[in-house]
Amino acid sequence: RNAKHLYGKFLFVCSVGRAKVLPPILFLEFVFGLSGNVLALWMFAFHMDSWRPSSIYLAHLAVADSLVLFCLPFRADYYSRGMNWILGDAFCRILLFLLSANRTASIFFLTAVAVDRYLKIVHSLNRINRMGLSYALWVSCGLWVIIIAMTVYLLPSPHFVSFNNRTQCESFNICLQNDPQANWHNAFYVIQFFVPAIIVVFCTVCITKQLKNKTIDTQGKVKRAVQFIFIVAGVFIVCFFPSTASRITIWILQAWYQDCEHFHEVNLAFYISVCLTYFNSVLNPLVYYFSTPAFRGTLQKLIMKLRWKKTENNNDNQTITLIFVLLWGRGSIKALMCY
C-alpha cells in the first residue's frame, strides 16, 4: 500500500511534465508520419515499376508504421489528461500491443533490409540472391509470426494501475516491477535492440569495406549504396538507442533505490525517448526514397507529372484570359474580376 502511495505521488509529479512535452511531439509525428507513409503505401501499391526483396520488406515496414500512427492521437490524449486512460481495458491492451509490435517490426524489417543489402553486395554470387520475391514474402510472413509471438503477451493481461481517480495504461511501471511479466518485458525491450543492432552495424561495416575497394563508381551506384546503408543504420540508432539506454538506466537505478522519487528525471527522459521510437515512422520514408532507383524514379516521375499538370492549368488559365481580352477587351476582365 505504501509503495502504491509513493507511486501515486511520483506519477502526479511526472504526469505534469509529460502533459506539457509529449502531446505536441506525438501530434507532429502523427501529421508528418501519416502523410509520408500514406504517400509511400500509395507508391508501393500503384506506382512501383519493379520490385525487389528489399522493397517487400520496406512495404511491410510502411504498413506497420501506418498502423502505429493511428495510435498516437490516443496516446497524446492520454498524456494530456495527466496519464488518465478513459477508453477502457480492452482498447488499452490493443494499443500497447500495437505500439510494442510496431517497435519490434521496425527493428526487424530495417534489419532485414540491411541483411538483404549485405548479401547483395558482399556475397553477390551466393545462390540466396537468386531467390525471387516469393522468398522475400515468406521471410516477411515469418518475421510477422515472430513479432506477434514476442508481443502477444500484452493482450491477455490487464495493464491498469488506478488511484486518485486516475487510470494509468502502461506496459511498464517503474515502481511496480515485481512480477515475472515485467522482468520479461524489460529483458525483451533491451535484447530486441542490441541483437539486431549488432547485425546492422556488422552489415554496415562490411558493405562499406566492400565498396571502398570499388575504384570505379558506375553512375554513382557505390555512393548511393553507401548512403542508403548509412541511412538505415542512422535511423536505427537515432530512433531506438535512446529509449533502450534510458530503460537500462532505470534498471540500474532500480537496483540502487527503492524510492520512486529518485526516478523523476530518468522517467521523463524515458518517455521522451519512446517518442523518438515513434519518430522512425517519420524518418522511414527517407529510407524508402534511397532504397532503390525504382522507388526514387517513380516518385520523381510523379512529382514531374504534378508539376506538368500545374503548369498546364496555369497555361489554360492564361489562354482563357487571353481569349477574353481578344474578344471583349481588357475592361471586361477587370469587371469580371471585380464581380
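Each residue, glycine too, has its Cβ placed from N, Cα and C.
A TrEMBL annotation is a machine prediction, not a hand-curated record.
Here is what TrEMBL records for this protein:
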DOMAIN    36-288  domain 'G-protein coupled receptors family 1 profile'
TRANSMEM  25-44  transmembrane segment
TRANSMEM  56-75  transmembrane segment
TRANSMEM  95-115  transmembrane segment
TRANSMEM  135-155  transmembrane segment
TRANSMEM  187-207  transmembrane segment
TRANSMEM  228-256  transmembrane segment
TRANSMEM  268-291  transmembrane segment
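Per-residue pLDDT, averaged along the domain 'G-protein coupled receptors family 1 profile' (36-288), amounts to 84 for this model. Away from its own ends, the transmembrane segment (56-75) comes close to residues 26-27, 29-30, 33-34, 37-38, 40-41, 44, 87, 91, 95, 98-99, 101-102, 105-106, 109-110, 112-113, 116, 133, 136-137, 139-140, 143-144, 278, 280-281, 284, 287-288, 291 of its chain (Cβ-Cβ under 8 Å, at least six residues beyond either end).
Comparison of 95-115, 187-207, 268-291 by number of C-beta pairs under 8 angstroms to the transmembrane segment (25-44) places 268-291 first. Against the transmembrane segment (187-207), the recorded stretches 95-115, 228-256, 268-291 differ in Cβ pairs under 8 Å, and the greatest number is found for 228-256.
Only residues 6 or more beyond the boundaries of the transmembrane segment (228-256), in the same chain, are considered here, and those with a CB under 8 A from a CB of the stretch are 103, 106-107, 110-111, 113-114, 117, 174, 177, 186, 189-190, 193-194, 196-197, 200-201, 203-204, 207-208, 262-263, 266-267, 269-270, 273-274, 276-277, 279-280, 283-284, 286-287, 290-291.
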